Structure formats: C-alpha cells, structure tokens
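One structure is given here, and the rest of the page talks about it.
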Amino acid sequence: MVAQIIDGKKIAQQIKSEVAHLVQMRIKAGDAAPCLAVVLVGHDSASQMYVTSKRKTCESIGFISLAYDLPNNVSETELLMLIDQLNTNHSVDGILIQLPLPVGIDNIRVLEQIAPHKDVDGFHPYNLGRLCQRAPLLRPCTPRGVITLLERYNINIVGLNAVVVGASNIVGRPMGMELLLAGCTVTITHRFTRNLQQHVQNADLLVVAVGKAGFIPGSWIKSGAIVIDIGINCLDNGKVVGDVNFSEAIERAAYITPVPGGVGPMTVATLIQNTLQACKYRKLS
C-alpha cells in the first residue's frame, strides 16, 4: 500500500480563489474589503517570514492589510493599548498577534485582550469555549485547516479512533475538540502519556504536532490509517521535515499529508476564511 498524498497547497489555493471571488462580490455590492491588522513584536526571522507571507496573501486576494511592527523592547502595556485601539477601530475586522511574543510579555493576557469577534486566530477563550460547546464561531486556524483538508478529500472520519500526539493550546487541544465535533472518538497524548506506541498503533486517524523531526516511526502507523503531520522541522542540512517518518509512513497509511505542502498552507487559508467571516459578523452587528 502506498498512501494517497493530501495536497494542502492545492486545497489552500482553491480556498484563496473562493475568498478572492467573495471579496470582489462584496466590493461590487458597495461593501468594504475585509481588513486584517497583523502585529509583529521583535525581529525573530521565522516570525517575520510568516508575517510577510500572511500579508502578501491578504493583499493578493483583495484584503486590506495593516502592518504593526513593534520593537523587541515594547512593553506589555503598550501592546495591550494597541490592541484596544484596534478593537475599537470599526474599519478593522481581524487582529492577528504573531506568536511567540518576547520574554516578559504574557501571551495569554495579550490574546485575551483581543475582541472575540476580531480574534481571527481563534485563540480567545470565548472562541475556544464556543468550539467546546459545539457552537464554533472563529476557529483555531490549523485544526480547522485539517478538518477542511479531510472534507475536501471526501474522507469520512465519523466514528474513527483519532489520536492526537501533542497537547498544545494552539494545535493539540483544539484539534481534539474539532475531531470530537466531527464525530471521532478522540485520544490526546502528551508528555505524561504511557505506551505512546500502543495509542498510535490503534489510531485510524493520527494527527501529530510535537515539533520533533521523525518523532513517530512509520512502523507505528496502523495499516490504512489517515496520517496528518502538522510538524515543521528544519534539519541541519536545510531540509524541512515533519514529525512523522514520511518515507516509512507512506508505505502503511491510506492518506498522508506531506511536509512541506500539507497542513502548513491550510493555516493561512483558514486565517483568510476567518477574516472574511469576521467581516461579515461586523456588518451584521
């Protein structure tokens, strides 16, 4: 068995085209284009790369992109004041704070400061709570992007045993909630989990997000499983790989996402979907 590749680049491009069309329809109807404010604190090269990609994507589909590049020594109070200004700016539909933030700034407090209806990353406790209550509004981008990939490939996951390896607030925990909402029986593993191999071997659907290259050997993959690799790891030789041993896993899985080109593009695609959704909420309110 050789797994079918789940092409995140292709699906992400489809979504961008769909959103661009909807934006043009809004503009023709006399409505404003969606506006996303992206806040970058400091000079982390990876964060700068991600922010540049997000801004270019927004502009390419007709969004208004506002850039706020703050110095590394900005205080938490100053950052919170900027968020308050963006919250009350009626022309701004979405606010994105690029993570991680510098040492000394409380990530949770900053994310909680964003108005829930402008929280296009889906990290605010209100939006996470709505997801837990089976009434999602703005959903965390990477987990929602995974669900979209499965939907676009017509992969039925209802009733499957889903195992999420990694329990981060950004990916693992909301991923578990998304899979539960989709009808899976969900296990979330973490650093205290015993017998990780046994859990992985029982997974009909495996989602891995730990940030460790090749962490899951292909021999652990259940034959015919669906493998979603969210990890992005850069090796010393410059090669980018995921958390799953791809060359081994592809021989056992039924479907698998590559790294790069799998889940990564879907995160940005979901961000623009969320921003358009936030824009629609603003018009209705």
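Each residue, glycine too, has its Cβ placed from N, Cα and C.
Here Swiss-Prot flags G166, A167, S168, I232 as NADP(+) binding site, drawing on sequence analysis.
Sequence features, as recorded in Swiss-Prot, placed on the structure.
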| residue | record | contacts (Cβ under 8 Å, 6+ apart) |
| --- | --- | --- |
| G166 | NADP(+) binding site | G172, T189, H190, V208, A209, V210, G211, I230 |
| A167 | NADP(+) binding site | R173, I188, T189, H190 |
| S168 | NADP(+) binding site | A209 |
| I232 | NADP(+) binding site | G211, V240, G242, V259, P260, G264 |
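Largest CA to CA distance in the NADP(+) binding set (G166, A167, S168, I232): 16 Å, whole number.
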